[in-house]
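> Attaching a single structure in structure tokens format; questions to follow.
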Amino acid sequence: MTTCCRSLRHSKSVSSLVTRDEERDKVTLNVNPMTVEATTRTWFHPSKVYIITGGLGGFGLELSYWMVLRGAKKLVLTSRTGVRSAYQQLYLKRFRKFGKLIEDYKIDITVSTVNATTEEGAHKLIDEASGIAPVGVESRD
């Protein structure tokens, strides 16, 4: 059987496997192709801008970091109060450092204090983001 496994390792076809005659017992294995469902990794278009409401909160900052690791380069983070804590400043500083660590990976972060809870504010926020780049929309069914 070890000879058989070695043959398989160097073989280009895996459709069937037969042991050699010098082996004591002949074993035939028929291998059927198998389809496996896989989920593609989420990625974000680097030339689109993404709006994250509540973007300066704990979840918003973590989400924006996750998006940057997956290709997003332009983000609008909304907050009613703007940058106020050292934690928020640390995250924004981390984004600026990305451009220095990775060549051609400048992150454009805009902090907006537009109230996105009203229809007028939402339109204003989208207009603000559209002035940076086309707005990216991610949707999963």
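Glycine residues also receive a Cβ, built from the backbone N, Cα and C atoms like all the rest.
Checked TrEMBL, it gives:
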type	residues	note
TRANSMEM	49-69	transmembrane segment
DOMAIN	49-115	domain 'Ketoreductase (KR)'
> Counting by DSSP secondary structure, give me helix, strand and coil numbers for the domain 'Ketoreductase (KR)' (49-115).
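Looking at the domain 'Ketoreductase (KR)' (49-115) with DSSP, the answer is 28 helix, 14 strand, 25 coil.
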> Across the domain 'Ketoreductase (KR)' (49-115), what does the pLDDT come to on average, as a whole number?
88
